[in-house]
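If you check TrEMBL, you get these features:
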type	residues	note
DOMAIN	68-155	domain 'Peptidase S26'
ACT_SITE	97	active site
ACT_SITE	144	active site
DOMAIN	160-203	domain 'Peptidase S26'
REGION	209-230	region 'Disordered'
């Protein structure tokens, strides 16, 4: 999970203050405290509090409110530090391999919510967007869309034949096929490498919303007597 430094947060805070005046101080402070907790950025939370306290623009009542929020949600934050790794997390999307679903512009990075309840029984469907560890380097994480489930036959424009996805594997591809490193290069991925399913875009504000399940790639077939992928 990427570390979100204070300079980044200051930029986003400045944007929020300028563009989202309709958001009250209470909501603004709470959302940012909670976001920092979810991101595991405790140092950033401390810096954010110092930043708010240092601003003469904030009334004393707002500073008192921040202290009340900190006390009220401290216990919730401690629980969140444990829960977020097990049930959900927020990650940033790098590159353009999933454009236009994510990062439709080259100068922005989307932040997405990843739920992990799906890992209980590996409940996935065609079109789900998943986060998984790279087959060649498990420290690297990729975000792609599921095109093929176990038992599906897959055909791509660059293949002369169709291939069967083995049991316990998924076939994944990026929406932007021309700049995506996916199953067309490294083959189907084992279920054990999947780390969660992307459900929502949570940042930037103008792109917040549910991630749609799409199957805009070529159709799947259920042909028989075809060579399996090994």
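Placed from the backbone N, Cα and C atoms, the Cβ positions cover glycine too.
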Confidence summary for the domain 'Peptidase S26' (160-203), mean pLDDT rounded: 91
Secondary-structure category, per DSSP, in which residue 144 (active site) falls: strand
Surrounding CB atoms that lie within 10 Å of the CB of residue 144 (active site), all protein chains: 24
